[in-house]
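Note sheet for the following structure.
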Amino acid sequence: MAREQIQVLNALDVAKTQWYHFTAIIIAGMGFFTDAYDLFCISLVTKLLGRIYYHVDGAAKPGTLPPNVSAAVNGVAFCGTLSGQLFFGWLGDKMGRKKVYGMTLMLMVICSIGSGLSFGHSAKSVIATLCFFRFWLGFGIGGDYPLSATIMSEYSNKKTRGAFIAAVFAMQGFGILAGGIFAIIISVAFKERFDAPPYELDPAGSTVPQADYIWRIIVMVGALPAALTYYWRMKMPETARYTALVAKNTKQAAADMSKVLQVEIQAEPQKEEQKANSYGLFSKDFLSRHGLHLLGTASTWFLLDIAFYSQNLFQKDIFSAIGWIPPAKTMNAVEEVYRIARAQTLIALCSTVPGYWFTVALIDKIGRFAIQLMGFFFMTVFMFALAIPYDHWTHKDNRIGFVVIYSLTFFFANFGPNATTFVVPAEIFPARFRSTCHGISSASGKLGAIVGAFGFLYLAQNKDKSKADAGYPAGIGVKNALIVLGVVNILGFFFTFLVPEANGKSLEEMSGENDEDVGTQEESEQSHSQNNNRTVPYV
């Protein structure tokens, strides 16, 4: 015998789509806009940092970041993000979603600005400052993952909940796009004002002193959208599910949601909690009910991010290999920033952004499970289509075909597991663990991103050490690296079967909170199993 749904939560589940839903999407989504801008903009300026701070007189090629420095600059924000996801995920369940939400945003604003500053003029001091602030920037960004997903899921109705959570995450696409467009604008402006010869004609003169401002401006502008969102985040009331189910204050939950929904909701007297509702995180009861679900959400996000982030981080090298970006010595420093930004913007415009919004449009129609399986399947197909005939794609006449297939892998990542791995952990765990479990799942993803960011810098190097980037050992080559990523996607496909389908169900039905009742533990587990462990959608 399941408990009756609390009235205020039922009102949220059946509410029609209203203006407050879109307001919540924008407020939470601007955090992800900033997140994506900050995390991905660094890939635009790493070549420039190498030219400015690691120039070697007489070298045939422009300066590049040494392997350990490149790994640190690219990966340090991921380490911060992983830490922030675990810490703020846990704190969101302890203190409430709203109280913690403002902390993450202020951290992002302060550290975005700090990333563009330097304590000294040497390469070591500049890189140390950048890495320090980017770690704490990542820490704030990490908190935004579990909090934004949890807040949006707890505000949504059950009919369109998937689309609303996915729309928040889809703002990442616009953040990536904005980073590329802004870098194009800045680089064009500097190129017009401070023209310089290519490196091969004048190695020292190819990097104008003013180029040092370009990367600083690009990374610091990430503070603007976060700062503009802060006031509205502080105006949002605490979610009714946290207030009613965790803080045990149904009266306050009803009052808050009456204002939000603009309808009168009667507060119910708080019922005495049943003993079944007392099990803790990682207890025997939790593991029997949600252990496989947590394994499923964490493993699929981990595998997805190995493939997704390694592609983003070495895509500029792929573009160089197929000729979209000319050899570095034929360009000056500002021209190189422009070329890399243009290539990344085209990929975002043609595949990344559309993929996110296909998910938003279809997630509540065909379900999370089907989209995630389909995404992993097609990512595998297209990754092997790139890898197996890789030599074919490097010929000049075949470059467009390469870019089309490369774009399709991004499209099906975003119309697939990159979106669904964010949505599902916010739907299937009890309210008192929801933010923590989402934080664990997303931290697992960032661990995968670290594997991609650090590992593939080395793995994708040319097999011939003389042709590898300066300072790197010989790797397995881009072709074999793509084959490894294809295998990773196959594993993601199979681990998806551990993840339940949440389409069309209330959060309490999915988490089993309505089944924590007066019946025996065996009856509760049986009821929970019948309602919650269904992996594939209802037919």
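Even glycines carry a Cβ here, placed using N, Cα and C.
All annotation found in TrEMBL is predicted automatically rather than curated by experts.
These come from TrEMBL:
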TRANSMEM  20-49  transmembrane segment
DOMAIN    24-504  domain 'Major facilitator superfamily (MFS) profile'
TRANSMEM  69-88  transmembrane segment
TRANSMEM  100-119  transmembrane segment
TRANSMEM  163-190  transmembrane segment
TRANSMEM  213-232  transmembrane segment
TRANSMEM  346-363  transmembrane segment
TRANSMEM  369-388  transmembrane segment
TRANSMEM  400-419  transmembrane segment
TRANSMEM  439-460  transmembrane segment
TRANSMEM  481-500  transmembrane segment
REGION    508-539  region 'Disordered'
COMPBIAS  510-524  compositional bias 'Acidic residues'
In contact by Cβ distance (the transmembrane segment (163-190), the transmembrane segment (481-500); 3 or more pairs under 8 Å): no
PLDDT averaged over the residues of the domain 'Major facilitator superfamily (MFS) profile' (24-504): 87
Same-chain residue ranges lying at least 6 outside the transmembrane segment (163-190) that approach it to Cβ under 8 Å: 21, 24-25, 28-30, 32-37, 40-41, 44-45, 148-149, 152-153, 155-156, 208, 210-211, 213-214, 217-218, 221, 334-335, 337-338, 340-342, 344-345, 348-349, 352-353, 355-357, 359-361, 363-364, 414, 418-420, 422-423, 426-427
Distal contacts, the transmembrane segment (346-363) - CB-CB under 8 A, six or more residues away: 162-163, 166-167, 169-170, 172-174, 176-177, 180, 315, 371, 403, 406-408, 410-416, 418-420, 423, 503
Chain residues outside the transmembrane segment (439-460) and at least six past its termini with a C-beta under 8 angstroms from it: 67, 70-71, 74-75, 78-79, 81-82, 85-90, 92, 142, 145-146, 294, 297-299, 301-311, 313-314, 317, 421-422, 425, 472-473, 475-478, 481, 484
Segment proximity, the transmembrane segment (100-119) to the transmembrane segment (213-232), 3 or more C-beta pairs under 8 Å: yes
Same-chain residues near the transmembrane segment (100-119), Cβ under 8 Å, at least 6 residues beyond its ends: 31, 34-35, 38, 84, 88, 91-92, 125-126, 128-130, 132-134, 136-137, 139-144, 147, 151, 215-217, 219-223, 226-227, 229-230, 233-234, 236
